[in-house]
Amino acid sequence: MSTKRIVWERPDYKIIVALLCIVLVFFADVVFFGKVLFAGDNASINVPSKVLMFDMIRRGQLPLWNPYMFSGTPFLADINLGLLYPLNILYLILSPLRALSYMIIIDVYLAGAFMYVYGRIMKLSRFAAVASSLIFMFSGSVMTFTLNTPILNSVVLIPLILIFLEMSIQKKSLAFVLGISIVLSLQIFAGHAQFFYYSSLLVAVYLLFRSNESLFTRIKLLATIFIPVNFLTAIQLIPFLELTTFSTRPVFNFAYASSSSPVISLLHMIFVNIFGVFKDGTSWGAMADTNGYVGIVPLILAMVALIKIKDRVITFYGGVALVTFLIALGKYSPLYYLAFYVLPFFSRFRSPPSILILYSVALSMLAGYGFDYIFSGNTVNKRLLRQAVLICSPIFILTLLSRIFFYKKFVSLVYLINSIKKASFLTRFLHYSEFQIHSIFNMWTENVAIIMLFVLLFTFLLYAIKQCRSQLFRVLLILLIAVDILFYARNNLLTTFENIYKSPSTLISRLKQDPESRIHTMTDEGKKPIFEDKSFFERETEKAAYLLSPNMSSIYKIQSIDGYGSIVNKNYAAYVRSGSVDPTHIDVIAPGAFELDTLAVKYVITGGRYEKELSSDPTFKKLLQIQNKLLGKTFSVYENKNVKPRSYLLNDADIATGSSTITSSTENSVEISTTASSAAKLILSDVYYPGWSVTIDKKPGTIYQSGIFRSVDLSEGKHVVSFTYFPKKFIIGAVISIINWIYLIGFFIFLQVKQHQKVD
């Protein structure tokens, strides 16, 4: 491997610009044709949270509490929302889905630009660095996470962390070490602690493996990196750690944490369409996932690097790829058990395949080194090339012919194999309709044919390179890699027009007439989409807009007992008797349940679920009916006549007494005027949570927990009770973070001044 020092020149900057152009063309639907990206957690949680945050900021409110979901829940404390990430500023200047779309575009570009810079720092040639850049930015992992921007915001920073890591090793500069701290802090602000954790593991292993310093020095270096992160992000971490104590998520549960797909699902890392295409609605058997897919040619190049190059960097990234792949197998891998029981905090995270983001980073770098090896004057084994052609050519031709002649024989073969040894994977396949089986068969044969085609093209290109190592062949190999990785990169990209994300004005205006009442949405029972239904996700998003689910109510500032979030208050979940296995939401509460009354649910919205029960129950009155011809659904709003007010007074016998009126409220405060003929207890049916304070007639009072609600003891007479959410833990965290950011900025200014003085 080359040891020459890399010099940055004009071509490098041109390449950085060229990468931007490639990204803009890739997202042409958004950039040039007025469409927007949507679906996934973006539509259901990320966009509503950002819209609410900036609406609160415009009104002078800190985004501390969200009263519009789960009957009230901490807002900023939920780290997975990524409210403090700088790119969120896009939501201040663009419409919601347009802001989301451009955030994704910027992130994908940054992934490529950072990977190119890191590749150059690691002595890759410009062409090889471009290859690594394209592979990572359009990898299945990065493309999968476009469906959840907090994760995407976090993972695209991994190459930037590697840049600062490598520079800190090469230059032995404290500035680069603190640069790592800053980027890791940005990862925490981005959201999803799981990916910060994976990055932290990579940092630790990288320093221990790459640095030539003593073990003690390397440990000190790790402390220098991670201690500042805790102080810089205290504003996020301290409230978040408090919130986790109320979480429904298990703390140390192997079955929960190892909830991984069967091993066979990882076949998509080579046969990317084996389980269908997400955006085409052809998912079957397992999730139509592309996480971990890096293309066929890049995989071959990575193998070339691993086999042919003897170097610590290759060994390191080969080890990262192998270990992360084995951990991604979850409960099917002994290594996952070891990580679960040995690594601190590892047991807190579920979805083992998420770690494949590090596999994608490793394969991208290995492919870059393999690229350079091919053009480094090393001989190519002609016999191996001939064998590749002799093997792949017949397979390529046979797969094309099989689409016409061998479909029935293939199905018969599957029946035979399944009769000899039953496999749930094959049984599920054989239970599908003739049309669906034929479509899946076509996807499989297409996948195999494309793999063989890329292998053949790569083989022919290698043969040409052996004859003449022209710059033209470097360009051709880059083009082959680009076509390879881009061929499936759009599998997860769903675009539409913004109008599907708007709720009916008649619905919103009616619900806003009672701002202190809550809604409950009778969401439809989950059903698998019709096979090859390309409009499924659009229709589901539009349906959510009509049902104000799961978090659409936050956009319109309408209080709901429902929600979808990374953390649900366990006391609240127990109160509504939610037996959901998924800890991100609560179950639908049936009509007639007392919880609807006590949670101040005045309005119930349905798109058909429980319609019969609601229409026949005299305690519910239909107020509104909205038809959507495109969806073929009728949405109804019912009024709950038995609803209790959001605030009320109880006497010593727990019987309603006196009067209680909410005179004003914001997200972080509620003011109530009360009148009682005797001592009474004021109940506010908002979820009890630490950090709320109360004044009674402008004098400090005490908030008690009454079930899951907040209560205050009042004496006889008239009172003004004011609840305010401005938790001390947020204040402490904010002060710590602000002081440390100021100190860090001052330190960098000091370093710059000192550097200029040296130059002078």
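Cβ coordinates are placed from backbone N, Cα and C, and glycine is handled just like the others.
In TrEMBL this protein carries:
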TRANSMEM  15-38  transmembrane segment
TRANSMEM  68-93  transmembrane segment
TRANSMEM  99-118  transmembrane segment
TRANSMEM  151-169  transmembrane segment
TRANSMEM  176-209  transmembrane segment
TRANSMEM  221-241  transmembrane segment
TRANSMEM  253-278  transmembrane segment
TRANSMEM  314-335  transmembrane segment
TRANSMEM  387-406  transmembrane segment
TRANSMEM  448-465  transmembrane segment
TRANSMEM  472-489  transmembrane segment
TRANSMEM  730-751  transmembrane segment
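Touching of the transmembrane segment (15-38) and the transmembrane segment (99-118) is concluded from the presence of at least three CB pairs under 8 A, sequence neighbours closer than 6 excluded. Sequence-distant contacts of the transmembrane segment (448-465) (same chain, six or more residues past either end, CB-CB distance under 8 Å): 270-271, 295-297, 300, 374-375, 380, 382, 385, 388-389, 392-393, 395-396, 399-400, 473, 476-477, 480, 484, 487. Against the transmembrane segment (221-241), the recorded stretches 314-335, 387-406, 472-489, 730-751 differ in Cβ pairs under 8 Å, and the greatest number is found for 730-751. Same-chain neighbours of the transmembrane segment (176-209): 79-82, 84-86, 148, 150-151, 153-155, 157-158, 160-162, 164-165, 167-169, 215, 218, 221-222, 224-226, 228-229, 232-233, 236-237, 240, 312, 316, 320, 343, 345-346, 349, 351, 354-355, 357-358, 361, 744, 747-748, counting only residues six or more beyond its ends whose CB sits under 8 Å from a CB of the stretch. Beyond the ends of the transmembrane segment (730-751), by six or more residues, the same chain brings 64, 76-77, 174-175, 178, 182, 228, 231-239, 691 to within a C-beta distance below 8 angstroms of the stretch.
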